[in-house]
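Engineer: Not my notes, these are from Swiss-Prot:
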BINDING   K397, R403, G404, Q435, K436, Y437, I438, K448, F449, D450, C492, N493, E583  ATP binding site
BINDING   R403  protein binding site
BINDING   S495  L-glutamate binding site
BINDING   D570, E583  Mg(2+) 1 binding site
BINDING   E583, N585  Mg(2+) 2 binding site
COMPBIAS  1-13  compositional bias 'Pro residues'
COMPBIAS  46-59  compositional bias 'Basic and acidic residues'
COMPBIAS  66-75  compositional bias 'Basic and acidic residues'
COMPBIAS  280-299  compositional bias 'Basic and acidic residues'
DOMAIN    271-624  domain 'TTL'
REGION    1-84  region 'Disordered'
REGION    277-304  region 'Disordered'
Amino acid sequence: MSCPPTPNPPFRPPSHTRVLRTPPLPPWVCLNSKSLSTGVGGQKNQLREASMENGERKKLSSTLSDGDHKEENKLKQGIPQDLSSSPKLDRYKIARQLTEKAIKERKIFSIYGHYPVIRATLRRKGWVEKKFNFFPKALQNLGSEDKSAETKENQEIALERFDDIHDVMSRLVKNEIPYLLWTIKRDVVDYHSLTCDQMLNHYGKTASFTTKIGLCLNMRSLPWYVQANPNTFFPRCYGLCTESEKQEFLDDFRRTVAASILKWVVLHQNYCSKVKGKSKKEEAKNSDPSPKKDPENPDLKLPSLSGQVVDTACKVCQAYLGQLEHEDIDVSEASTEALSEEEWNDLTQQYYLLVHGNASITDSKSYFAQCQALLSKISSVNPQTEIDGIRNIWIIKPAAKSRGRDIVCMDRVENILSLVAADSQTTKDNKWVVQKYIETPMLIYDTKFDIRQWFLVTDWNPLTIWFYKESYLRFSTQRFSLDKLDSAIHLCNNSIQRRLKNDKERSPLLPCHNMWTSTRFQEYLQKRGRGGTWGSIIYPSMKRAVTNAMRVAQDHVEARKNSFELYGADFILGRDFKPWLIEINSSPTMHPSTPVTAQLCAQVQEDTIKVVVDRKLDRNCDIGNFELLWRQPAVELPPFNGSDLCVEGISVKKAKKQMPPIASVGLSESLLDAPPKVRSARALMETVIRPPRTTVRQDWKREEAKVLSTTWSMPVMDAEVRGRAKPIYAFEVNDYQHVDNKSHKSGYTRVQSSKVPGVTLTSAQHPALFAQTMKPTQMTSSPPPTASGNHRDSSPFCPIVFEELWLHPNSQRRPSSCILQSRAQGWIRGIP
């Protein structure tokens, strides 16, 4: 909307009046660049009237200093060069032009979360932000770090300049559809309502590899998808909320106990051979067979274990080796000599004394060769033998939490099972997972570290993975030691370490912010003669681990075209520089907490935009430090056409069951022995004949109902007698048979006795029911028994034949009482 030139002359304040800098113009005010004039003292002042969209008018003035280029540079941010080079610009006119161009090119984006780098990168590329209407419900599910970042983001938005050109452009696109959504969680948006043109930085159903329990279960299925062994790059893991998983973990713990005893013997002898001639604890165990004394308490004798412990451990390891080499396939379970529960408990307790109680094994030197040979065979078939160590430490993690929350390390099986049992009654299944702790990690200056490696998935069919060339290391604040199982020593998560102070005994060569870039790490390896290790072992192994994890999870993810997601994988290096995959994180933190993350996190976000946005228009564009890791051939899905589906053949006709003739039901004798007392003949009929209440209801809108023909012997009384008398009647039931359907008649229900043609029972209550003329049936009526009361002895006692029953098509009411249900899909209804 254009505004006419202001007729008022430029305002010049008196010399003694200080020029005030008034607030900038709101976005709905139109400016006229012709009204700018040069004021006193080299300052530009203006006073104009501008029409607003709602009809209001305001008088605003703005003053710009000739030497103040900060505001001008801020204005030019995100503006093409051809527009920003002009000295006389209407910022709101530029905002409208840029907005119209962005709408035409579908460059509208929305951000939920603290992602200033993504916002600035998209703005430089001509994208316009539509302010995201976030949901408080989604904010409740965020962690404390996410909430603080979101609060900071909201404060930054609130403190923005009101006349910021990007804020103006955001108001202009408030009714437009964003074509790029960048959120901290997928549930923030309605995932299934997105159009195919909208990009989202998340996929659905990624819990199969972004949660600890999902990755644990998926890695077991890896051999079905890839010719690879998950035990070569993923430490074995178990869920602790199912009995089968608990038993598998218990068996693994016990096997590790046996292998640790053998390792103790080998390590003890190797250590003794290096310290010959020195008075050491391990040397004295073999030189002096007598029980050793504690150096801190000489009067306390340390326990000494017999060689039977080593024999039992060798027996267990030999059986385990046979399982790994598949020698137990043709052997029955009854023939195997497994340890009893009591023997397992005894072996475990002796192991605790050996490792934690500083006990020794008598004559352990004689078992050295046997233990070394057996361990060598196990190592050749079990790639995790080296990382197991001798302490048998396991790390217990919540199944679906992140940032190191509630993670503990334990080395006693009873403590692990007790932790799960105490929490199993109030939690869902698979809340806890237990994973073998890497007891022999690579250390830098006696300090443990892990590696955060990014990778990007842009499609699941075909699976397309981009691997980032840069990564960073996270150090612990404490020196590494297995004597203490504190999280500060064994967990390198920045969310945990940032709350702790660096240990004074830690090497001063480590950075105070506890992070290195991968480039700095390569320099460290180069100085120690291991410069080629990164390119030959570490980097390729991390690539293979990520590729295998994504290929096995491909069938579980809810794939969506035009979506992408950036993940963060955590690795720990062993002593042999082999990386071990620990977990994969969705929505990895991009908070610039250290100088390292401030550099790399901003860099990886900018490069992500290059891959997912720029590469759509130019396949040869710059993609930063990303490299294509894996792209499989696309799997063509067969088209679905329901019209081609048909079934040919002849249907099987179900044979009709023939109704056998039913003989006379002898109810007369039983009724005569104990005749019921009823008020009327109708009540008598309903009491004796009607089916149970659970009978399936018949569809009363059918055009006709097939019924049975039967004969009932009953007295016919006058109306005055039926209302008040309480006689006892005999009721005779005779043979009945199927009758063919007759022609349809309309009228009232009419039932007439063949022997008493003058007596007619008419139901005016149900006019839709009617019957044909009854056929007489030859039979002998049973006389009623003598009874006291007002019963008339002269009452006629004659049979009434119910021949056929018809149902009117327009009938909306059903008869009152059901007398008999036939097997020929028909009903006989009583007379009310």
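Cβ from N, Cα, C; glycine included.
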Engineer: In the three-state scheme derived from DSSP, which category covers the residue listed as 'L-glutamate binding site'?
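Structural biologist: Going by the DSSP assignment, the residue listed as 'L-glutamate binding site' falls within a helical segment, counted as helix.
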Engineer: Measuring CA to CA, name the entry from the binding-site residues K397, C492, D570 that ends up nearest N585 (Mg(2+) 2 binding site).
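Structural biologist: Result: the closest of the binding-site residues to N585 (Mg(2+) 2 binding site) is D570.
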Engineer: Roughly how many Å lie between the Cα atoms of E583 (ATP binding site) and D570 (Mg(2+) 1 binding site), rounded to a whole value?
Structural biologist: 6
Engineer: What is the separation, in Å, between the Cα atoms of C492 (ATP binding site) and D570 (Mg(2+) 1 binding site)?
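Structural biologist: Answer for this pair: 10 Å between alpha carbons.
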Engineer: Near K397 (ATP binding site), which residues of its chain come within a Cβ-Cβ distance under 8 Å, counting only those 6 or more away in sequence?
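Structural biologist: Listed in sequence order: K212, D406, I407, W432, V433, V434, Q435.
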Engineer: Using a Cβ cut-off under 8 Å and a sequence separation of 6 or more, which residues in the same chain sit near I438 (ATP binding site)?
Structural biologist: P235, I387, I572, G574, W580
Engineer: If you measure S495 (L-glutamate binding site) to D570 (Mg(2+) 1 binding site) at Cα, how many Å is it?
Structural biologist: 14
